[in-house]
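Before any comments, here is the structure.
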Amino acid sequence: MLNIGCHLSSSKGFKNMGENALKIGANTFQFFTRNPRGSKAKDIDENDVKEFLELAKENKFCKILAHAPYTLNACSADERNREFAIEIMADDLKRMEYIPNNLYNFHPGSHVKQGTEVGIEYISSALNSILKKDQTTKVLLETMSGKGTEVGRNFEEIAEIIKRVELKEHVGVCLDTCHIHDAGYDIVNELDEVLEEFDSMIGLDKLYAIHLNDSKNPFESHKDRHETIGNGYIGLDALTNIINHPKLCHLPFFLETPNELEGYKREIELLKSAYKK
């Protein structure tokens, strides 16, 4: 079975997201934990959560993926911004325990000319501050395109962050196809080699989710602009190879393409028809 979903609005709660996922043929979904700008999160509706968990179990959902606000920067040059990122992520992880054993994804951040080493140290320190031994949520570092001073533009940087985390069992990676293509990893022509490099640097056992996106920009452009499936520089054939790859096919895939629900439904149908497992 292809485990696939897309990014959904959380404005009407978990059950509504689950119902919308089912309407488009998905068995998982991604959502923002709060407004993308990082404002106060809505109170948890425990009855809504209970109904969602029942729906998810009944329909055999795989793990869902929470996404931290884009504006968080755990390696900012401004100490207040770093503290804010830690505060929000810690609160998010506390709230995630209402839906245990799922995934939480965040962008590592930008070092803003402090240097990559400083950025890596701040990010790993932030993770060491927020991770708890008894948490059930896996925290995922997202691979980035290398725009500006982003940290996480290559596998080495992700690996170094994880190396410095004390509770390594609670961290992993979310691989974004658009990002790594734009960062210079040739997933179109050399997918096996890219996965071998990931495995040697980080370990495929640390890969827990994939953002499945096409790219509006050419290879190694460091731009990060997502395109609908099959209409970008990555292309349908390469994305089909990814969902069918024996080292990846068991993972949950999350679409973040520029789409509404009907567009996501068409993409999910297209990818399901191309899935061979």
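Cβ coordinates are placed from backbone N, Cα and C, and glycine is handled just like the others.
The Zn(2+) 1 binding site annotation in Swiss-Prot covers His67, His107, Glu142 and rests on sequence analysis. Residues annotated as Zn(2+) 2 binding site in Swiss-Prot, with sequence analysis given as evidence: Glu142, Asp176, His211, Glu256. Residues or ranges marked as Zn(2+) 3 binding site in Swiss-Prot: His179, Asp224, His226.
Feature map: annotations from Swiss-Prot on the structure.
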residue: His67; record: Zn(2+) 1 binding site; contacts (Cβ under 8 Å, 6+ apart): His7, Gln30, Phe31, Phe32, Thr33, Tyr104, Asn105, Phe106
residue: His107; record: Zn(2+) 1 binding site; contacts (Cβ under 8 Å, 6+ apart): Ala68, Tyr70, Leu72, Glu142, Met144, Glu150, Gly152
residue: Asp176; record: Zn(2+) 2 binding site; contacts (Cβ under 8 Å, 6+ apart): Glu142, Thr143, Met144, Ser145, Ile210, His211, Asn213, Glu256
residue: His179; record: Zn(2+) 3 binding site; contacts (Cβ under 8 Å, 6+ apart): Glu142, Thr143, Met144, Ser145, His211, Asp224
residue: His226; record: Zn(2+) 3 binding site; contacts (Cβ under 8 Å, 6+ apart): Cys178, Asn213, Asp214, Ser215, Lys216, Gly232, Glu256, Thr257, Pro258
Where does Asp176 (Zn(2+) 2 binding site) sit by DSSP, helix, strand or coil?
strand
Other residues with Cβ within 8 Å of the Cβ centroid of Glu142, Asp176, His211, Glu256 at the Zn(2+) 2 site?
Asn105, Thr143, Cys174, Leu175, Thr177, Cys178, His179, Ile210, Asn213, Phe254
Which are the residues of the chain, His67, His107, Glu142 excluded, whose CB is within 8 A of where the CB atoms of the Zn(2+) 1 site average out, their centroid?
Ala68, Tyr70, Asn105, Phe106, Leu140, Cys174
Asp224 (Zn(2+) 3 binding site), number of other Cβ atoms within 10 Å
21
Counting across all protein chains, other CB atoms within 10 angstroms of the CB of His211 (Zn(2+) 2 binding site) number 24
